[in-house]
Amino acid sequence: MAATVRRQRPRRLLCWTLVAVLLADLLALSDTLAVMSVDLGSESMKVAIVKPGVPMEIVLNKESRRKTPVTVTLKENERFLGDSAAGMAIKNPKATLRYFQHLLGKQADNPHVALYRDRFPEHELNIDPQRQTVRFQISPQLQFSPEEVLGMVLNYSRSLAEDFAEQPIKDAVITVPAFFNQAERRAVLQAARMAGLKVLQLINDNTATALSYGVFRRKDINSTAQNVMFYDMGSGTTVCTIVTYQTVKTKEAGMQPQLQIRGVGFDRTLGGLEMELRLREHLAKLFNEQRRGQKAKDVRENPRAMAKLLREANRLKTVLSANADHMAQIEGLMDDVDFKAKVTRVESEELCADLFERVPGPVQQALQSAEMSLDEIEQVILVGGATRVPKVQEVLLKAVGKEELGKNINADEAAAMGAVYQAAALSKAFKVKPFVVRDAVIYPILVEFTREVEEEPGVRSLKHNKRVLFSRMGPYPQGKVITFNRYSHDFNFHINYGDLGFLGPEDLRVFGSQNLTTVKLKGVGESLKKYPDYESKGIKAHFNLDESGVLSLDRVESVFETLVEDSPEEESTLTKLGNTISSLFGGGTSSDAKENGTDAVQEEEESPTEGSKDEPGEQGDLKEETEAPVEDTSQPPPPEPKGDAAPEGEKPDEKESGGKSEAQKPEEKGQSGPEGVPPAPEEEKKQKPARKQKMVEEIGVELAVLDLPDLPEDELARSVKKLEDLTLRDLEKQEREKAANSLEAFIFETQDKLYQPEYQEVSTEEQREEISGKLSATSTWLEDEGFGATTVMLKEKLAELKKLCQGLFFRVEERRKWPERLSALDNLLNHSSIFLKGARLIPEMDQIFTEVEMTTLEKVINDTWAWKNATLAEQAKLPATEKPVLLSKDIEAKMMALDREVQYLLNKAKFTKPRPRPKDKNGTRTEPPLNATAGDQEEKVIPPAGQPEEAKPILEPDKEETTTEPTDSEPLELGGPGAESEPKEQTAGQKRSSKNDEL
């Protein structure tokens with residue numbers, strides 16, 4: 001028995017340890033339940049959160065605005081973000097960075113870098129020698145990469161979300177333009193790592209908008225496909241998307257709505273910013289013409305003046321969208337000269353005429369990629385701020401040939417709301433209604449490799465092969481497996497972009513390198529030597545295009561296969577019996593699914609890639625498999641593979657083959673006798689086929705990134721440290737400013753209080769002069785030396801002043817509280833005295849209070865009266881400038897003591913059962929004897945806390961009183977002090993009404 005107890009103790013300890021760990025995990029999880037989304041626009045960003053009790057809410061920034069400028073101002077000793085940075089664009093345009101997202105993932109020779117220099121010549125860009133990218137040179141000692149600047153913005157967005165949610169947030173979904181390539185997407189992910197954010201997904205902004213549109217219209221989506229076009233023209237870019245909505249059947253949740261991206265078209269430079277730049281140039285020209293002959297400098301050479309003109313151009317674009325003309329005016333544009341000029345909408349449209357001609361371009365691209373016509377589009381919906389320009393709507397309406405353009409979506413916040421819905425769906429802390437999202441690959445990706453072939457006996461040559469890995473407009477996320485055959489030594493292959501003919505020449509130059517990665521495999525020959533008795537099934541490379549649209553090579557492995565015959569003698573009687581029974585129901589043997597060793601893998605069921613075709617001569621050299629195909633029951637099944645290039649493990653549909661595959665038919669025929677009778681055990685031993693066993697060997701992989709090298713880990717760590725130091729510096733600055741403001745406010749408030757009568761009444765002239773002198777000295781110090789003072793010094797100065805004024809403030813505060821506290825004490829004393837008098841007037845036969853209880857209450861009342869009178873008399877003798885003896889906390893303590901005694905008696909009166917009156921033979925009530933005391937009557941008293949209730953016998957009540965008085969079988973609801981009791985009739989009525997509600 002002792003041994004058993006000893007064995008149970010470790011188990012109990014382990015159980016309690018697991019419970020403690022689980023509780024700790026739950027508590028940690030509850031602190032970080034909120035998730036966020038960031039809609040990164042070219043000019044501004046929108047942040048949304050989801051937390052328990054707050055479903056899908058846009059975050060308000062510190063200025064209570066729903067969108068925040070994507071602007072950063074960097075100086076030597078300070079940094080500004082958001083609206084404060086946008087305000088610094090006029091004062092310090094060189095240090096204020098905007099529209100830097102256009103530089104992400106681009107090298108110095110990219111046309112977009114030259115365009116950025118032309119648009120914002122005030123910024124100095126230098127070249128990173130390692131990656132050949134650009135960096136902002138703020139000062140000789142201060143430079144930042146575009147990823148670092150974006151990391152600052154993302155960190156700022158998280159701080160806004162955390163302040164709004166009132167809890168820490170780490171998980172986020174970030175929107176990116178649909179046309180971002182691999183280098184640009186990796187740059188955003190690196191920026192998020194610098195900010196300390198865990199990116200659940202990089203979602204395309206057009207997909208997020210489509211998701212937001214579908215989520216709020218779930219009821220309108222049915223099995224009939226609905227094609228909707230979203231035209232999104234923002235500040236910097238334009239994207240047109242064709243989306244198909246319909247319900248599909250899923251394995252997990254049955255019929256659910258789905259959105260599928262069918263076509264995408266875009267223009268990287270068409271947007272509101274280009275219109276503003278045209279207007280800025282027009283205003284600069286007008287200003288120069290007004291100053292002609294004054295020997296003035298060109299306004300274009302003044303960065304501050306150009307920043308003012310750009311801000312005015314932005315305002316003009318907005319106003320001219322609703323008015324035919326407007327007066328542009330800027331005070332002190334340059335050299336204290338004011339600028340004023342009238343601009344009409346017609347002039348603005350003439351300046352941007354070539355831009356409006358490009359509006360239909362993305363529409364045609366989207367239709368071509370979707371292989372659809374405008375007749376199949378049911379609705380065209382406007383998204384983005386630049387679509388509010390009337391000319392854009394006019395040209396677009398003519399291009400799509402519709403009666404009207406849809407404006408039934410929040411053009412500014414739709415992407416943020418869709419992204420935060422996806423964040424909640426990806427988070428484990430929330431459960432949302434399923435909405436299937438099938439995004440599309442914009443740029444096809446293929447695998448290229450070369451191998452030696454023998455065209456003629458003795459003549460060998462190299463043959464270049466290509467295979468599409470992810471086709472254009474194919475769905476993602478999904479994984480692919482490429483199998484390389486006939487390789488007996490180490491080899492290389494390349495991952496590149498596919499056919500980009502749909503891009504124009506300018507877009508191809510902006511796109512950058514079309515070569516992604518070179519993969520070098522090591523250990524192929526050694527793996528073949530390791531398994532000489534196995535048949536090689538080739539080298540399998542596993543690729544994954546994840547939810548963020550980022551391509552990765554998960555692993556490369558060498559696969560071998562052999563036939564293994566199971567010995568019938570090894571099977572037990574139970575195994576034979578189980579196999580026989582399972583064969584009666586058409587099931588296979590369990591031995592076919594066994595794994596042999598740790599390296600054996602199960603057969604995968606794979607399907608061919610959409611749109612991939614084998615070139616002549618490639619069959620047998622390379623096979624392609626779909627590792628994790630995206631489920632879509634609405635799409636037709638892929639065609640049956642032919643030849644050696646068919647995906648391994650592919651099995652025809654059971655319905656097409658009569659419910660049996662070719663590999664299963666001989667086995668099933670051998671297992672079943674006439675009329676389905678199972679064969680004898682001897683026959684089963686002979687007819688049982690050998691099973692296949694797979695062995696895999698990991699192959700070494702060396703990757704060489706060709707499009708844009710990622711930041712090395714040490715460089716990334718330095719960037720993270722740099723951003724953390726800036727954040728700490730900002731926090732210290734905020735803390736110092738808060739301390740300085742508190743000190744300054746205390747000085748001003750106290751100086752004013754010294755002249756108020758209530759403060760002069762409780763202080764002497766000497767005391768006021770001492771305080772006033774200290775305040776003046778601190779104020780002088782703050783003006784002279786406060787700019788260089790640390791946070792600790794400011795807090796110490798404030799603490800000294802508060803200590804000096806503590807007595808004065810205490811006396812004033814006490815005198816303010818006296819009237820209210822004394823009035824409350826008097827009321828309580830009066831009510832307590834009245835209650836005591838009433839209690840003593842209760843007839844002796846009905847008395848529920850003991851003499852000790854009433855005497856105790858009387859003593860407390862008398863003591864309180866005596867304390868009050870004595871303290872007031874003593875306080876009247878003291879001068880107002882001395883510390884008072886009548887303290888508000890003492891008054892509150894006396895009130896609490898008196899109230900406690902009264903509440904005890906009140907509770908006793910509430911819950912005491914009245915003594916039932918017995919009846920005589922004639923049916924009349926018998927009065928208790930005159931000499932009956934209160935202690936002889938039955939009562940129920942609420943016992944003090946921590947003491948058990950004493951059980952007392954209770955006489956059975958009369959039948960006539962059972963409806964109004966509770967019986968012993970009915971539990972009484974006991975309330976605490978101050979609780980109100982309700983009549984039993986009302987409780988019964990409530991019970992009856994609740995029963996009626998249930999019916």
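Here, residue 1 is simply the first one shown, and the rest follow in order.
Even glycines carry a Cβ here, placed using N, Cα and C.
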Swiss-Prot annotation of motif 'Prevents secretion from ER' - which of the ranges 360-363, 692-695, 996-999 it falls on: 996-999
Cβ-Cβ neighbours of ASN222 (N-linked glycosylation site) (radius 10 Å): 12
For the glycosylation sites ASN515, ASN830, ASN862, ASN869, the one whose C-beta sees the most other C-beta atoms within 10 angstroms: ASN515
Shortest C-alpha distance to ASN830 (N-linked glycosylation site) - which of the recorded positions ASN155, ASN862, ASN869, LYS883: ASN862
Proximal residue to ASN155 (N-linked glycosylation site) among recorded positions ASN222, ASN515, ASN862, ASN869, LYS883 (C-alpha distance): ASN515
Cα-to-Cα gap, ASN869 (N-linked glycosylation site) vs ASN862 (N-linked glycosylation site), nearest whole Å: 11
Cα-Cα distance linking LYS883 (N6-acetyllysine) and ASN862 (N-linked glycosylation site), given in Å to the nearest integer: 27
Distance from ASN515 (N-linked glycosylation site) back to LYS883 (N6-acetyllysine), taken between C-alpha atoms, in Å: 84
ASN155 (N-linked glycosylation site), number of other Cβ atoms within 10 Å: 21
